[in-house]
Amino acid sequence: MLHTKAAFTAAILLTAQALRVEAAFQADAAADLQLLCSFIALEAAEPHKVTLPGELDQEIQEVRTMNMSTAAPESQAIFEPKGGQNTWEKTKDDTKSEPYRSHWENTYDKWVADRANAQDMIDNKKWIEKNPPPSTESGRQAAHELINASLTEIQRLKLEYDEQKKAAAAHAATAKTKIMEMLYGQEKASATPVAAKTLKAATGYAADCGANGGYSVYGDALCICGEAASNTPATCNSPNLAITWQTDIKTTQLSIIKGKCPTKPGATYTAESLQTVRTALAPR
């Protein structure tokens with residue numbers, strides 16, 4: 001009788017120990033899934049759009065008009081609009097010498113517009129009347145040199161700004177592409193699982209998972225939460241998840257995994273937040 005009680009007690013203890021191990025495994029698997037969920041959430045997120053200042057075109061035009069209004073009178077006369085008849089196309093044959101010809105080809109019409117802006121009416125007064133240049137020749141020359149140098153620097157910075165803006169947009173698109181590749185294991189940005197890319201084989205748990213993990217985030221999530229002996233595993237969740245293993249990865253239950261990874265409408269990510277997620281996954 002004592003032996004029977006001892007055996008029964010031992011069985012209870014072993015069962016309890018097994019349940020604790022299983023519970024610990026469930027907790028670890030669920031924790032791993034939640035970590036992968038931080039990546040999966042990126043699918044519905046968009047790159048954070050940096051708030052950039054306005055294009056400043058109006059402000060730059062104001063400086064251009066100031067630059068023209070302080071130029072030498074004979075220079076201003078060259079760019080007199082003449083009722084829209086003063087264009088480079090009509091003037092270029094009269095301009096033979098360098099550096100004027102090559103330089104003016106890209107700037108002549110803009111300078112004509114600058115000269116016209118100085119004559120624009122603002123509140124019943126011309127711009128030039130509201131913003132008169134210095135009255136003395138020395139003052140005009142000094143003002144023109146300063147404004148011209150400032151305009152040159154502003155235009156240089158504007159070109160640099162435009163290049164950086166284009167680069168920022170390109171980097172954001174690249175980041176989104178890489179995220180989709182990471183999630184689905186593809187070499188292109190598409191929200192569609194692909195055989196031998198998302199999972200190794202997609203013919204069953206043993207072939208898909210085992211030593212064949214690391215193909216994609218979704219593939220690893222399926223392997224973490226799936227089981228070889230069950231189509232309703234409780235590895236990551238109770239009640240059980242309906243993760244079935246099919247011969248076609250497109251019919252594998254990615255929707256089950258997505259359902260366990262909530263997304264936030266309007267979520268965004270930055271380079272810093274991506275690095276944080278990457279750092280969190282590295283030790284696993």
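Placement of Cβ uses the backbone N, Cα and C atoms for every residue, glycine included.
According to TrEMBL, the features are:
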{"type": "COMPBIAS", "residues": "89-101", "note": "compositional bias 'Basic and acidic residues'"}
{"type": "DOMAIN", "residues": "13-281", "note": "domain 'Trypanosome variant surface glycoprotein B-type N-terminal'"}
{"type": "REGION", "residues": "79-101", "note": "region 'Disordered'"}
{"type": "SIGNAL", "residues": "1-18", "note": "signal peptide"}
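With DSSP states grouped into helix (H, G, I), strand (E, B) and coil, the region 'Disordered' (79-101) comes out at 9 helix, 0 strand, 14 coil. If you average pLDDT over the domain 'Trypanosome variant surface glycoprotein B-type N-terminal' (13-281) in this model, you get 82.
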